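What TrEMBL says about this one:
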- A:33-274: domain 'G-protein coupled receptors family 1 profile' (DOMAIN)
- A:22-42: transmembrane segment (TRANSMEM)
- A:49-68: transmembrane segment (TRANSMEM)
- A:102-128: transmembrane segment (TRANSMEM)
- A:140-162: transmembrane segment (TRANSMEM)
- A:168-192: transmembrane segment (TRANSMEM)
- A:213-235: transmembrane segment (TRANSMEM)
- A:255-276: transmembrane segment (TRANSMEM)
Amino acid sequence: ENMSDFSLNITDCTQVVVPEEVFFTVAAAGILENLLVLIAVIRNKNLHLPMYFFICSLAISDMLGSLYKTLENIFIILCKMGYLTRRGDFEKKLDDAMDSMFILSLLGSIFSLLAIAADRYITIFYALRYHNIMTLRRALVILAIIWTFCAGSSIAIALFSYEAATVIPFTILFPLMMFFILCLYVHMFLLARSHAKKIASLPTSTVHQRTNMKGAITLTIFLGVFLCCWAPFVLHILLARFCPHNPYCACYMSIFHVNGTLIMCNAIIDPMIFAFRSPELRSTFKKMFCCAR
Amino acid sequence: MSALRLISNRTSQQALSNSDYTWEYEYYEYGPVSFEGLKAHKYSIVIGFWVGLAVFVIFMFFVLTLLTKTGAPHQDNAEPSEKRFRMNSFVADFGRPLESERVFSRQIAEESRSLFHFCINEVEHLDKAKQSQKGPGLESNIHFQEVPRSSGMFEEDLNCLTKFNIPNFVNTEQNSSLGEDDLLISEPPIILESKSVMQSSHRILD
């Protein structure tokens, strides 16, 4: 079907446009912040630990996501200004490469979050054996496996995006991982609560209920942020695959750019809730900036 | 993103080249989507999705808070308790990356000593029963898997002795006192794994 009779119905859902300045600001902030985290971990020898390597992996995947959006915007601008043709072969290849970068970012984020949750789980439940279970070498091997898998999957998905089969596993993976991460954290949370009970039952100690609230808030923030930033886009992909002609779906898909901005906001928020909670990392930052002055 | 190109094999003649945000990857322009006869509001999926997401997050928060409320009773205690401080930091740090950089703090020697005493006490309790298990463990810094697994708790104790690394969930503040508090914080995994150790650790604390 050709689009020759595209009629601008007033009740149409027009594209919700995010201003370019907002786009670029959010993307640049995300990239810079995650780059700072990476530099801090690399420079401080005390931070060469499995836990921080997983946080770095998350920072890298966030950076890739923001980078993708930035490049996409730059290409839009170049297309508008006429430097790039719109149907060239080179542009299509470039577009495929950028798509795979984006899927790599999404998969990398999910697996990094999973790795962080698993690392904390092992820390709490196998504390005395932690240093034997999670050695530095094993952590690097795990990260290598994760990123190889993500790279392979992203290239495969980007190349075979025409097949229906690629979208379904992609969208099933997302809630499955979320559910698994949620289970890990809830189990850790339950242990903290039972430990609090045991402490409270000792005669000379008290437990402040407020701190358990803080655990609940922290956990909700972790998962809430990830869900709110990535789920809209995943839903977009699902709707685009299965009901592109439905007016309701089309209206949802018109907020595509807002969903993209949300993903970049995730890149800004993630370092705050993972990396910057560590005092060692914060002090490394302070040292970096103080020395720079 | 052209991964969505899978829908639109027909993006060739888009008549929108003069609008702001169009380029060839616009597959959301699916041609004439008729907006007539809509029963519900056209943004109903958007609204429904966000409301559902918010409800889910709030529900998750309430479930977790409910778990909290049915947990430890709140006891009032006038004196500042080190244990409470530690418990606060342990539970609050649940959300924080549990740091082993404390290993590098200047209190490591003292904490190693206290953990060492703890381990020594443990091993003394268990040593009477099983003399033979101690040998290979004390000699070298062996991995957990290599220690004979005849009894569950020996490996941890032997590891205690061979490596005085503080497990990285021990949160040691600069101004905190040492001693029983460390032992208390280092309890949770042991509690999970063996009731007998809990009894012995209570013995240590009393």
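Each Cβ is built from the backbone N, Cα and C atoms, and glycine gets one as well.
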Within the same chain, the residues 6 or more beyond the ends of the transmembrane segment (A:49-68) and with Cβ under 8 Å of it are 26-28, 30-31, 34-35, 37-38, 41, 98, 101-102, 104-109, 111-113, 115-116, 119-120, 123, 134-136, 138-140, 143, 146-147, 263-264, 266-267, 270-271, 274-275, 278, 281
Range from A:22-42, A:168-192, A:255-276 with the greatest count of C-beta pairs under 8 A to the transmembrane segment (A:213-235):
A:255-276
Same-chain residues near the transmembrane segment (A:168-192), Cβ under 8 Å, at least 6 residues beyond its ends:
103, 106-107, 110-111, 113-114, 117-118, 120-121, 124-125, 157, 212, 215-216, 219, 222-223, 226-227, 230-231, 234, 237-238
Grab the pLDDT values for the domain 'G-protein coupled receptors family 1 profile' (A:33-274) and give me their mean, rounded.
83
